[in-house]
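To start, the structure under review is shown below, and the notes come after it.
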Amino acid sequence: MSGHGTPIKMTSRACGPLKGTAEVPGDKSISHRALILGALSVGETKITGLLEGEDVLDTAKAMRAFGAEVTQHGPGSWSVHGVGVGGFAEPEDVIDCGNSGTGVRLIMGAMATSPIVATFTGDGSLRKRPMGRVTDPIRLFGAQAFGRHGGRLPMTILGAPSPAPVRYATPMASAQVKSAVLLAGLNAPGQTVVIEKTPTRDHTERMLRGFGAEITTEVTEQGHVITLQGQPELKAQEVAVPRDPSSAAFPVCAALIVPGSEIVVPGVSQNPTRNGIFITLREMGADLTFENEREEGGEPVADLRVRYSKLHGIDVPAERASAQIDEYPVLSVVAAFAEGVTRMPGVHELRVKESDRIDAMARGLEANGIKIEEDEDTLIVHGCGPEGVPGGGTAVTHLDHRIAMSFMVLGMAAQQPVSVDDGSPIATSFPIFEDLMAGLGAEIVRADR
Ligand code: S3P
């Protein structure tokens with residue numbers, strides 16, 4: 001889809017204690033990958049717990065356009081009849097990945113080593129985001145890419161007719177870039193190698209292994225060296241998608257700042273490349289415990305129990321940035337309710353997310369009476385203490401779901417209600433956000449209701 005329709009103004013106001021169980025949706029990263037790897041496998045992949053947000057539904061549509069049979073059987077329950085590695089058909093029409101950087105970048109990688117042509121586009125946010133980070137490495141396989149100025153969508157990719165394997169050191173910490181190269185490497189002969197100086201989420205590696213590819217990760221002085229043997233026969237799998245830690249972060253952070261709250265968020269992935277936010281919150285003084293630690297669908301998961309806590313500001317280690325990259329917006333909200341200053345260095349990648357998240361958070365926090373400092377790579381929040389956040393402002397979300405949800409959390413414990421100009425992008429990753437938060441006791445209203 002190319003937009004999110006009419007903007008939906010939303011307002012969140014201070015509420016009583018949040019109580020209950022928050023069953024957040026399936027992990028977005030794993031959901032995209034389950035559909036794409038299912039489409040590249042032979043046989044029927046069965047998926048449970050799939051996130052049915054707009055981003056993932058756009059990837060499902062794209063996989064159909066490349067020739068896979070993708071069927072929904074019930075809530076979260078899907079099957080994919082794959083076409084096998086190298087079996088993608090040429091799409092008849094433009095592939096619209098909506099708001100999803102993960103969707104478009106992974107799919108570009110997956111088709112780059114097949115002799116087909118595809119044109120990609122997205123919504124107003126995605127069309128502003130850089131695609132050069134994926135087209136640079138896929139050109140090394142022999143693919144060609146023609147996009148708008150600055151490597152922007154819409155963009156046409158001509159897949160390589162006789163791809164060569166690639167050895168590629170990712171210039172930025174990006175799981176999307178790593179994954180695009182690995183997915184391209186699937187249909188190249190020989191070994192494709194990706195070197196990551198800073199490790200990023202490893203779902204692609206784990207899932208490729210699960211689907212039967214030969215893939216190893218070696219920890220060396222250069223960083224993580226990931227080696228994939230090309231042209232495997234991927235075999236259909238049953239994928240149980242764990243709940244998304246990035247979505248769990250919203251009710252968890254809300255419970256930490258709303259006095260008297262206690263909630264449980266069950267079955268949340270604790271993959272060490274994703275759990276930075278929970279470590280950071282505990283360092284800030286959060287009463288957050290992990291219960292029933294177990295393994296589900298190849299990922300470590302736990303039930304999170306969270307109680308309202310008096311928090312203090314900290315210096316967040318820059319090395320943790322990639323393990324909590326999507327959680328900085330809501331972390332900066334929590335920091336506003338802490339005593340003292342929270343410094344978040346090493347976050348320049350936030351500038352090229354669904355919005356420039358440093359700028360969007362900084363402007364929105366200022367509009368709600370919170371003092372911040374920023375530079376290209378850092379966000380600093382001066383905490384107002386648990387009862388001292390003024391609120392009363394409206395944040396601009398720039399088609400960014402996480403900016404919208406973060407400011408709705410801010411309003412739950414601020415002195416005055418907090419609004420966002422447009423909450424419609426929340427549907428891209430967390431379509432049940434409003435109902436789930438209302439079920440815990442939050443008060444979020446839409447201007448049109
Ligand atoms: C994702 C990787 C991250 C993250 C995004 C999902 C993925 O992006 O921000 O929400 O599923 O691979 P980058 O690869 O750009 O860091």
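Cβ coordinates come from backbone N, Cα and C, glycine included.
The annotation region 'Disordered' is assigned in TrEMBL to 1-23.
The domain 'Enolpyruvate transferase' annotation in TrEMBL covers 16-435.
Sequence-distant neighbours of Lys28 (3-phosphoshikimate binding site) (same chain, 6+ apart, CB under 8 A from its CB) are Leu51, Gly53, Asp55, Val56, Thr102, Asp244, Ser246, Ser247, Ser429. Residues annotated as 3-phosphoshikimate binding site in TrEMBL: Lys28, Ser29, Arg33, Ser174, Gln176, Asp326, Lys353.
Residues or ranges marked as phosphoenolpyruvate binding site in TrEMBL: Lys28, Gly101, Arg129, Gln176, Arg357, Arg402. Shown in sequence order, Tyr328, Pro329, Leu350, Arg351, Asp400, Arg402, Ile403 are the residues of the chain, 6+ apart in sequence, with a C-beta less than 8 angstroms from the C-beta of Arg357 (phosphoenolpyruvate binding site).
With a cut-off of 8 Å between CB atoms and residues at least 6 apart in sequence, the same chain places Ser246, Lys353, Arg402 near Asp326 (3-phosphoshikimate binding site), listed in sequence order. Taken from TrEMBL, the feature active site, proton acceptor covers Asp326.
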I need to check the long-range neighbours of the region 'Disordered' (1-23): which residues 6 or more away from its ends have a CB within less than 8 Å of a CB in the stretch? 54, 58, 96, 98-99, 121-124, 243, 248, 251, 254-255, 258-267, 308, 399, 404, 407-415, 417-425, 427-428, 434, 436-437, 439-448
Would you mind sorting out which binding-site residues among Arg33, Arg129, Gln176 put a C-beta under 6 angstroms from ligand 1? Gln176
Three-class DSSP assignment, Arg33 (3-phosphoshikimate binding site), comes back as helix
Per DSSP, what is the residue tally for the region 'Disordered' (1-23) in helix, strand and coil? 0 helix, 7 strand, 16 coil
